[in-house]
Amino acid sequence: MTLDMDAVLSDFVRSTGAEPGLARDLLEGKNWDVNAALSDFEQLRQVHAGNLPPSFSEGSGGSRTPEKGFSDREPTRPPRPILQRQDDIVQEKRLSRGISHASSSIVSLARSHVSSNGGGGGSNEHPLEMPICAFQLPDLTVYNEDFRSFIERDLIEQSMLVALEQAGRLNWWVSVDPTSQRLLPLATTGDGNCLLHAASLGMWGFHDRDLMLRKALYALMEKGVEKEALKRRWRWQQTQQNKESGLVYTEDEWQKEWNELIKLASSEPRMHLGTNGANCGGVESSEEPVYESLEEFHVFVLAHVLRRPIVVVADTMLRDSGGEAFAPIPFGGIYLPLEVPASQCHRSPLVLAYDQAHFSALVSMEQKENTKEQAVIPLTDSEYKLLPLHFAVDPGKGWEWGKDDSDNVRLASVILSLEVKLHLLHSYMNVKWIPLSSDAQAPLAQPESPTASAGDEPRSTPESGDSDKESVGSSSTSNEGGRRKEKSKRDREKDKKRADSVANKLGSFGKTLGSKLKKNMGGLMHSKGSKPGGVGTGLGGSSGTETLEKKKKNSLKSWKGGKEEAAGDGPVSEKPPAESVGNGGSKYSQEVMQSLSILRTAMQGEGKFIFVGTLKMGHRHQYQEEMIQRYLSDAEERFLAEQKQKEAERKIMNGGIGGGPPPAKKPEPDAREEQPTGPPAESRAMAFSTGYPGDFTIPRPSGGGVHCQEPRRQLAGGPCVGGLPPYATFPRQCPPGRPYPHQDSIPSLEPGSHSKDGLHRGALLPPPYRVADSYSNGYREPPEPDGWAGGLRGLPPTQTKCKQPNCSFYGHPETNNFCSCCYREELRRREREPDGELLVHRF
């Protein structure tokens with residue numbers, strides 16, 4: 001099979017003159033049908049000649065070389081190696097869903113354009129063609145509920161969405177600020193390269209299949225001009241973490257650790273997975289490349305590659321089945337490209353989500369013209385503590401390792417205060433404070449340990465080795481007694497609200513991985529044995545708080561209005577002016593000092609504002625529009641096929657055990673589904689547009705069955721599967737027999753909530769979960785397939801447990817939603833009772 005595929009690829013390259021990487025993409029997209037691939041290539045040649053704009057990053061800095069045609073383009077990258085993907089089913093497995101999979105030809109053109117304009121890993125010029133905007137999902141509220149839910153489960157990483165929202169880490173700001181948009185994690189391939197896949201999806205809308213970002217990351221770490229400065233920042237933070245666990249490295253060990261970091265970023269596959277029992281379903285006679293899993297330092301380097309800040313939304317602790325926090329999750333926080341001048345960076349951050357050792361891009365949805373919602377990302381948690389600022393300390397070239405580390409004077413000279421951190425955020429990002437309504441209260445995040453109270457100050461993970469306690473100020477002696485009473489009262493209220501919150505984090509993920517992670521964590525987490533928590537901040541306030549609050553409110557009104565106007569979209573540097581009036585003679589700008597004042601007040605429990613970075617959302621480029629339209633057309637065809645299959649299954653169910661009529665169906669989709677031949681793409685897409693309210697509901701996630709769960713590593717300490725190292729990240733895969741991975745595993749949607757104005761604001765909140773049924777990773781026990789448990793009324797299923805009261809087992813559609821034992825008892829009861837309708841009336 002390999003020789004045949006290589007021969008076909010060689011013939012295609014010789015006959016068309018296309019690059020090997022583009023040729024492989026075209027052939028794989030058409031399942032190695034040469035004629036179909038040639039047709040796509042001709043279409044690409046025509047589109048490339050006249051339709052696409054010369055640059056995909058409109059408005060970004062730096063000059064761009066005009067793009068040449070396919071035939072005369074100079075090779076700017078080495079030919080793509082022949083990977084060990086000898087079966088065409090591998091391509092279906094890797095990207096069996098998503099926008100980029102449905103439009104492989106146009107995505108191949110976009111990838112080729114982006115990579116052809118790429119440069120080296122240095123900082124003298126933009127290493128890659130970087131967009132200044134973020135990718136947005138299309139407006140799904142224009143479609144009816146069934147088709148919308150089909151797209152949602154196809155594009156959105158729903159288990160991650162539910163897990164992070166329940167943990168109070170994601171979208172908590174939407175509940176307190178109705179003008180903010182909800183961010184959604186995009187489904188991302190899990191082949192060890194998910195960090196770069198997520199970054200590529202967040203900017204361009206397609207995966208990093210050509211490893212373009214990974215190669216740029218490796219080049220910057222290996223030979224970039226920032227290499228030594230990056231190494232110093234990494235070593236400083238690692239040294240502070242080692243102090244927590246009592247580790248001391250020799251110079252040889254430091255060099256070995258650094259070389260290992262560079263090696264992890266390599267684009268060479270780590271290993272290949274064949275068919276074995278450890279994988280979910282496996283792929284017959286196929287192998288797929290798996291890449292080394294990356295660490296938080298690689299996120300920091302990626303910020304320099306992209307020349308833009310990166311914000312990672314993640315929980316802070318990994319928990320076992322008992323809810324015990326036993327390992328920190330170090331990825332969450334802010335990564336600034338500090339080795340690149342702020343004036344040369346994009347100010348709109350790239351936002352990623354991290355859960356269960358997997359990265360996804362967080363994106364918003366395209367809005368209607370009359371919608372006033374804004375896309376923002378908070379730079380504090382829900383308790384108004386500033387997110388960790390990773391690798392922010394560079395001790396300098398003159399730092400003597402091993403000597404200055406123990407010199408308190410030298411240490412104090414490099415520790416960052418809260419003012420310095422705020423100055424960096426103001427310099428690299430467009431930030432602002434969003435006022436909250438008087439009755440708004442942010443949901444509480446999960447505590448670092450199940451016994452920690454909400455008001456306890458978590459011990460800081462020594463990211464950058466900095467501390468903010470000095471900058472927050474000491475408590476006023478005159479107000480200390482009263483504040484202690486108020487703090488104690490707030491703590492009791494927060495403890496009460498957190499009672500159920502901790503229980504919600506107990507999950508099946510901890511049950512399966514808890515013991516193995518504990519076993520492996522000792523050796524793998526030795527250098528990361530830091531205490532959990534974010535940036536440590538004192539809770540005291542300076543004297544004269546009331547006067548300070550009045551001044552802050554008066555000055556904020558004028559400052560906020562001017563700031564919103566000044567917060568432009570271009571990469572404008574915010575350098576602090578010298579000695580501004582009214583800032584107490586501070587070397588930082590008045591805006592920074594005002595932010596410091598507001599943040600101090602918020603950390604004392606008087607939060608009136610949210611400190612956020614603004615996300616730039618611009619118009620899509622032509623290739624993105626084409627890519628989305630092709631995906632919607634493909635999704636419609638798959639949706640119609642799925643509906644027909646479900647209808648056939650309903651008929652079989654009703655004819656077999658059937659005790660009642662088929663579920664009621666909406667007339668709109670039925671009229672379309674029964675047509676043997678569909679209308680053209682555009683008219684078919686419009687056929688799904690209805691007058692439904694603008695709610696956007698997320699279906700409950702499911703495990704997808706035991707044989708098709710998505711394996712992921714958890715921090716460098718996952719289970720050893722099939723003799724592999726515990727940090728291995730396995731690709732997500734499902735049995736090839738299933739036409740769609742989601743078909744049999746996603747339950748029906750719960751009705752969404754509506755805002756007063758009828759918009760979809762707030763409707764993305766997941767349905768309510770009972771404590772007994774919800775888990776920390778967002779998974780639930782496998783529910784009935786969509787549309788099977790509607791009963792006589794045709795409603796979506798609202799429960800998955802056995803219909804028999806007080807039964808802890810789960811039912812199945814084949815047994816009328818009883819478990820097997822209760823179903824047998826029910827059959828025996830019905831045999832004894834002449835009236836079979838008692839089954840319907842009783843339950």
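Each Cβ is built from the backbone N, Cα and C atoms, and glycine gets one as well.
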Record-annotated phosphoserine (source Swiss-Prot) among candidates S100, S149, S406, S745:
S100
Out of S60, S71, S467, S542, which one does Swiss-Prot list as phosphoserine?
S467
Region 'Regulatory loop' per Swiss-Prot - which of 187-193, 642-648, 796-802:
187-193
Given the model, what does the mean pLDDT over the domain 'OTU' (183-365) come out as?
86
Please report the DSSP secondary structure of C194 (active site, nucleophile), reduced to three states.
helix
Counting across all protein chains shown, how many other Cβ atoms sit within 10 Å of the Cβ of C194 (active site, nucleophile)?
29
